[in-house]
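Engineer: Attaching a single structure in structure tokens format; questions to follow.
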Amino acid sequence: MDKTMTLFLLLSTLLLTTSLAKDLCHKDDKTTLLKIKKSLNNPYHLASWDPKTDCCSWYCLECGDATVNHRVTSLIIQDGEISGQIPPEVGDLPYLTSLIFRKLTNLTGHIQPTIAKLKNLTFLRLSWTNLTGPVPEFLSQLKNLEYIDLSFNDLSGSIPSSLSSLRKLEYLELSRNKLTGPIPESFGTFSGKVPSLFLSHNQLSGTIPKSLGNPDFYRIDLSRNKLQGDASILFGAKKTTWIVDISRNMFQFDLSKVKLAKTLNNLDMNHNGITGSIPAEWSKAYFQLLNVSYNRLCGRIPKGEYIQRFDSYSFFHNKCLCGAPLPSCK
């Protein structure tokens, strides 16, 4: 009798555990995910999304723990043969903290406005697709955003100044689009943290705002635009900047007066209209990358352990720079 009872209890526990395991997925999330799959034309990439199975076991997503009732917290669709537009149903996954559509060259249309409903979102990556239209203003409504990557798309129009109001933002990547207009003045007064800022390979124009000299950017890349003005405001001895890339613009300033942060590791300012000479203090800088070519610099290249690592490519096509690795000064 005891053995029978023990066996009964074990079987009951097993059945209960199996039942609970099957029911981890919230029914509303499963319904929404199946609508997303249908909206994307039922791609093979989402073959695991079988309505007969627990959605928390499906590929391309993650569920949270019991504290959020195992709701879907991450949707990660990338590297697949998927066509269409971002399904509006993504906005019906209220517990999402991470949303990624990446390396989907047949994904088209505008950035889905229903994303504005995702108030818990901290990580947004919509990159390497064929998305068009503007960088949406509604992103500034998502107050928990820490990471935004909209690079390698066909986005156009101006950069919304309201993005600077995101107090938790640490990373803003808008490179490789068709964005136009100036850098917003408000980017000199981010409400919270100062994010790493990547705006390269666009069609941005106008004078760089003076306010951009106020933040202590850890990484800033403004390369390959049509920007003008005095970019020396980005530098400063008291800053903690690591990477600055302002190459292939139309910046004009006197390099002789520029003081570098001791932390600066990568500096690229090739193809501008920069004048003056390379400061002697640069001989002590710890550069891993340096390029000042195609400017209007003159004078002797300072001698130093790290600056001497670079070949002529980093210095050539200037007005009258001289000294190793270029020809000797006369």
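Yeah, the Cβs are placed from backbone N, Cα and C, and that goes for glycine too.
Straight from Swiss-Prot, here's the annotation block:
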- Cys25-Cys55: disulfide bond (DISULFID)
- Cys56-Cys63: disulfide bond (DISULFID)
- 94-117: repeat 'LRR 2' (REPEAT)
- Asn106: N-linked glycosylation site (CARBOHYD)
- 118-141: repeat 'LRR 3' (REPEAT)
- Asn120: N-linked glycosylation site (CARBOHYD)
- Asn130: N-linked glycosylation site (CARBOHYD)
- 261-285: repeat 'LRR 9' (REPEAT)
- Asn291: N-linked glycosylation site (CARBOHYD)
- Cys298-Cys320: disulfide bond (DISULFID)
- Cys322-Cys329: disulfide bond (DISULFID)
Engineer: Rounded to the nearest Å, what's the C-alpha distance separating Cys320 (disulfide bond) and Cys329 (disulfide bond)? Just drop the number here, would you?
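Structural biologist: If we compare the Cα positions of Cys320 (disulfide bond) and Cys329 (disulfide bond), the gap is 9 Å.
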Engineer: Of Cys56, Asn106, Asn130, Asn291, Cys298, which is closest to Cys25 (disulfide bond) if I measure between C-alpha atoms? They're all recorded positions.
Structural biologist: Cys56
Engineer: Using a Cβ cut-off under 8 Å and a sequence separation of 6 or more, which residues in the same chain sit near Asn130 (N-linked glycosylation site)?
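Structural biologist: Result: Thr105, Asn106, Leu107, Thr108, Asn153, Asp154.
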Engineer: Reported as an integer number of Å, what is the Cα distance between Cys56 (disulfide bond) and Asn120 (N-linked glycosylation site)?
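Structural biologist: Distance (Cα to Cα, whole Å): 19 Å.
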Engineer: Could you tell me which of these glycosylation sites, Asn106, Asn120, has the greatest number of Cβ atoms within 10 Å of its own Cβ?
Structural biologist: Asn120
Engineer: Kindly report the helix/strand/coil residue split of the repeat 'LRR 9' (261-285) according to DSSP, in that order.
Structural biologist: 5 helix, 4 strand, 16 coil
Engineer: DSSP says what for the repeat 'LRR 2' (94-117): how many helix, strand, coil residues?
Structural biologist: 5 helix, 10 strand, 9 coil
Engineer: If you measure Cys298 (disulfide bond) to Asn291 (N-linked glycosylation site) at Cα, how many Å is it?
Structural biologist: 15
Engineer: Would you identify the secondary structure of Asn130 (N-linked glycosylation site) according to DSSP, in three states?
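Structural biologist: SS state of Asn130 (N-linked glycosylation site) = coil.
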Engineer: Taking Cys55 (disulfide bond) as the reference, which of Cys63, Asn120, Asn291, Cys322, Cys329 (the recorded positions) have a CA within 10 A of its CA?
Structural biologist: Cys63
Engineer: Are there any residues at least 6 positions away along the chain from Cys322 (disulfide bond) with a Cβ closer than 8 Å to its Cβ? List them or say none.
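Structural biologist: Listed in sequence order: Gly299, Arg300, Ile301, Ser328, Cys329, Lys330.
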Engineer: C-alpha of Asn120 (N-linked glycosylation site) to C-alpha of Asn291 (N-linked glycosylation site): distance in Å?
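Structural biologist: Distance between the two Cα atoms comes out at 41 Å.
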Engineer: Would you mind pulling the DSSP three-state label for Cys56 (disulfide bond)?
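Structural biologist: Cys56 (disulfide bond) sits in a helix per DSSP.
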Engineer: Within 10 Å of each Cβ, count the other Cβ atoms, then let me know which of the disulfide-bonded residues Cys55, Cys56, Cys298, Cys329 comes out lowest.
Structural biologist: Cys329
